[in-house]
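The transmembrane segment annotation in TrEMBL covers 79-102, 122-147, 153-174, 186-204, 224-247, 268-291, 324-345, 365-383, 395-415, 427-448, 460-482.
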Amino acid sequence: MASLSKTPLLADEADTDAAYDFDERVVISISDDDGSLPPFSWRKLCQFTGPGFLMSIAFLDPGNIEGDLQAGAAAGYSLLWLLLWSTAMGLLVQLLSARLGVATGRHLAELCRDEYPRCASVALWLMAELALIGADIQEVIGSAIAIKILSGGVIPLWGGVVITALDCFIFLFLENYGVRKLEAFFGVLIATMAVSFAVMFGQTKPSGKELLIGVVVPKLSSSTIRQAVGIVGCIIMPHNVFLHSALVQSRKIDNENKSHVREAMRYYSIESTIALLVSLFINVCVTTVFAKGFYGTEVANTIGLENAGQFLQDKYGGTLFPILYIWGVGLLASGQSSTITGTYAGQFIMGGFLSLRLKKWARSVITRSFAILPAMVVALLFDTEGSAMDVLNELLNVLQSIQIPFALIPLLTLVSKEKVMGVFRIGPIMQVVTWTVVGFLIIINGYLLLDFFSAEVHGLLFTSLLSLILAAYVMFIAYLVIRGSTLYSWLAIVISKILCSGN
């Protein structure tokens, strides 16, 4: 099998680098036949169900919800097709992440640590941590806004941040009761989101005809490019790529057995597809609700996560259960679920890159602190009714966009290597498809960066400094792309000869 994968653990062995301890993993009975796949089993699908739904929460975090509502308010139904195809691209990336974890028995952060030189590995870790902190701030603030709404404004934003910080203890409590209990908890939160936003959809009654046209017919105008870029940029979360490759290891299979790996990939692919279809349904509900209510109005370009609930209440009200509180419940489920999975991702990223021998609770507390402290500063500085929070969210989206190449390029490099993946490496056609998709995502996010910096960066000194940082950024991306290729080997030989001749 793969040279970087580990041999199966015995019952009395402990692997401190593993995503899950041996006794934490869910036992699944899989055929030992190396021939064709056995018949599909609903029972086995249920046993494998869980990691994909935890992964899908990143498609439903407050940052994505805000992108949905802004796209609906500013562009109406016209960008639903892009939401569909962005989700499809996200599914492709996440399936590659799951494939990597199942085939190697290790997760992306661990493999990056072994694949790249120490300096490059540390740089990748820092990029992943920055992306995680940016995502966590949005998720924590989203939860805090929901708590503020549901408390009738009694609990301020900073108070909501403190309450959200306590979810770390909920996570630790559930983790002690097993993987399946934790997955069930997240299933309840996703169901809460689905019901809340479906009820909003039912109350506002968006046009079914326009919804169908928006999904099927591609439309893009110059006035909606910003919203379009936002939709695509929000779909791929760097930390989620690392997370999924670790989550799939919660099932106990023999990674050296081809039939085990093949069958696990089959069920994980089905489960992930179902999970992202649910996430797509929720995102479509949010987009169409705001398209119906606010597209073409004077307030369309002023709606953000903080004031969206009040705009809905003013527009639709609600007698039995006001729509403001339905929105608040859905947003709270979104924020709470994504903050906890962010903590989960932080454990794997820190432990994998740094090979830390820390208890999981210690890593959880450290990871949660990285998010809560900046979020508290944000809550104290931006607890206003103005547009400052929206500007901050844009900055955080830019921060995450910067990090996307540092998750996707290592992922594609590793899943294409026979030394890492063995017979499960992706073939030439799939490599072309995936590199094309990743190139498109990087270009889209590059556009977002250029658009932001061209509008916000002024002054010769600041522009010069930024240009130097940008040059280093592009060079690092180029290094990641060509590393391991024939071109890289040739350049290494040429440089070595030049240095030797100089001596």
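The backbone N, Cα and C atoms fix where each Cβ goes, glycine too.
Counting residues 6+ beyond its ends, the transmembrane segment (186-204) has Cβ neighbours under 8 Å at 53-54, 56-57, 60, 278, 281-282, 285-286, 288-289, 292-293, 312, 316, 318, 323, 326-327, 329-330, 333-334, 336-337, 340-341 in the same chain. Contact check: the transmembrane segment (324-345) against the transmembrane segment (395-415) gives fewer than three Cβ pairs closer than 8 Å, residues 6 or more apart, which falls short of the contact criterion.
Count of Cβ pairs under 8 Å against the transmembrane segment (224-247): among 79-102, 153-174, 268-291, 365-383, the largest is for 79-102. Between the transmembrane segment (365-383) and the transmembrane segment (153-174), three or more CB pairs separated by 6 or more residues in sequence fall under 8 Å, so the two stretches touch. Long-range contacts of the transmembrane segment (427-448) within the same chain: residues 89, 92-93, 96, 229-230, 232-233, 236, 397-398, 401-402, 404-405, 408-409, 412, 416, 477, each at least 6 residues beyond the stretch ends and with a Cβ under 8 Å from a Cβ of the stretch. Among residues of the same chain six or more beyond the transmembrane segment (153-174), those with a C-beta under 8 A of the stretch's C-beta atoms are 140-141, 143-147, 181-182, 185, 335-336, 339-340, 343-344, 360-361, 364-365, 368, 372, 375-376, 379-380, 382-383.
The stretches the transmembrane segment (79-102) and the transmembrane segment (460-482) do not meet in space: the count of Cβ pairs below 8 angstroms, excluding pairs fewer than 6 apart in sequence, stays at fewer than three.
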